[in-house]
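**Q** This is the structure I have questions about; it appears just below.
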Amino acid sequence: MTTYGSFPGARPRRLRTTPVMRRMVAETRLHPADFILPAFVREGVSEPVPIAAMPGVVQHTRDTLKKAAAEAVEAGVSGIMLFGVPEDGKKDAAGTAGTDPDGILQVALRDVRAEVGDELLVMSDLCLDEFTDHGHCGVLDGQGRVDNDATLERYAEMAQVQADAGAHVVGPSGMMDGQIGVIRDALDQIGREDVAILAYTAKYASAFYGPFREAVGSSLKGDRKTYQQDSANARESLRELALDLEEGADMVMVKPAGPYLDILAKVAEASDVPVAAYQISGEYSMIEAAAEKGWIDRDRAILESLTGIKRAGARNILTYWATEVARTLR
């Protein structure tokens, strides 16, 4: 007599027999609308500048950034997250280029909004690290430590100028205590109630950021372990989530993605707002480097990595492959 609850009656391989069978029963599907494209725009360049540590990624000119945004729209990507790279001479201790209405990030926001309108969610990184001469995500006190509350005042200014420049969404990435509430209040005070906040809720002090530091021309000396999270900790991410939601976050994010899928799953289970994850520069570069050596199948590895992030609970994924993968999926 056949026993159907176990072998030989139960044969899970039946659902793996053909590509169409596997496709039909797949629990997780990637879609172009899942993706957000991170993009760097550099001040004072006439040609895109390749980023050596991130093969295939560039620091855009204003014109090539507009082209990249248009291509993202055509591919069905949902959003673009902009990072500004100012000229070195414009960096200072307070990161004033980050709040200059004519600074590179604000100019780029206006450019992209003029190019794509509301066809693409235009997002802006809200942090000081690209604009400070010390490379930290905030202003420093007399002892050289990041001053949390003084930094919040700068973040409020940044939020307002980014919203005025056309950002649909601001992404506070500095991991300062209280940043979401301060930014929400600052936006509401100038009538920007419709501008959403994507909170970098669980952002870890990770070695995988290495290539990104080149991408934004970071001046950082030391580390960010006094404000970004310790990679050994999981429960504090849920505390950060509760605080961000209480302060008014519209969406939340886990960063990095791949090494922190357990955190992503916990946050996704606990959150009542959309959850994003950022597949960061080191994740990107590892796959590209291994594929260049012929050690892995590049295209399969990209899709597998993104599927794993979505399977763990991400509604949206920031990835440097956003446009490429979206085209593949269409």
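Cβ coordinates come from backbone N, Cα and C, glycine included.
I grabbed these lines from Swiss-Prot:
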- Lys203: active site, schiff-base intermediate with substrate (ACT_SITE)
- Lys255: active site, schiff-base intermediate with substrate (ACT_SITE)
- Arg213, Arg224: 5-aminolevulinate 1 binding site (BINDING)
- Glu240: Mg(2+) binding site (BINDING)
- Ser281, Tyr320: 5-aminolevulinate 2 binding site (BINDING)
**Q** Any same-chain residues 6+ apart from the residue listed as 'Mg(2+) binding site' with CB under 8 Å of its CB? Would you list them in sequence order, or say none?
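**A** Once residues fewer than 6 apart are set aside, the residue listed as 'Mg(2+) binding site' is near Thr201, Ala202, Gln229.
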**Q** Out of the recorded positions Lys203, Arg224, Ser281, Tyr320, give me the one sitting nearest to Lys255 (active site, schiff-base intermediate with substrate) by CA distance.
**A** Lys203
**Q** Given the recorded positions Lys203, Arg224, Lys255, which one's Cβ is surrounded by the fewest other Cβ atoms within 10 Å?
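**A** Taking Lys203, Arg224, Lys255 as the recorded positions, the minimal 10 Å Cβ count falls on Arg224.
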**Q** Relative to the Cβ position of Tyr320 (5-aminolevulinate 2 binding site), how many further Cβ atoms are located within 10 Å?
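**A** Its Cβ shell of radius 10 Å holds 25 other Cβ atoms.
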**Q** State the three-class DSSP label for Ser281 (5-aminolevulinate 2 binding site), counting H, G and I as helix, E and B as strand, and everything else as coil.
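**A** Going by the DSSP assignment, Ser281 (5-aminolevulinate 2 binding site) falls within a helical segment, counted as helix.
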**Q** Measuring Cα to Cα, how many angstrom lie between Lys203 (active site, schiff-base intermediate with substrate) and Tyr320 (5-aminolevulinate 2 binding site)?
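**A** Per the Cα atoms, Lys203 (active site, schiff-base intermediate with substrate) and Tyr320 (5-aminolevulinate 2 binding site) stand 18 Å apart.
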**Q** Just how many other Cβ atoms lie inside 10 Å of the Cβ on Ser281 (5-aminolevulinate 2 binding site)?
**A** 24
**Q** Does DSSP put Lys203 (active site, schiff-base intermediate with substrate) in a helix, in a strand, or in coil?
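**A** Assignment for Lys203 (active site, schiff-base intermediate with substrate) reads strand.
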**Q** Between Arg224 (5-aminolevulinate 1 binding site) and Tyr320 (5-aminolevulinate 2 binding site), what is the CA-CA distance rounded to a whole number of Å?
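**A** On Cα coordinates alone, these residues lie 23 Å apart.
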**Q** Check the DSSP secondary structure of Lys255 (active site, schiff-base intermediate with substrate), expressed as helix, strand or coil.
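**A** Going by the DSSP assignment, Lys255 (active site, schiff-base intermediate with substrate) falls within a strand, counted as strand.
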**Q** Taking DSSP as the reference, which of helix, strand or coil describes Arg224 (5-aminolevulinate 1 binding site)?
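**A** SS state of Arg224 (5-aminolevulinate 1 binding site) = coil.
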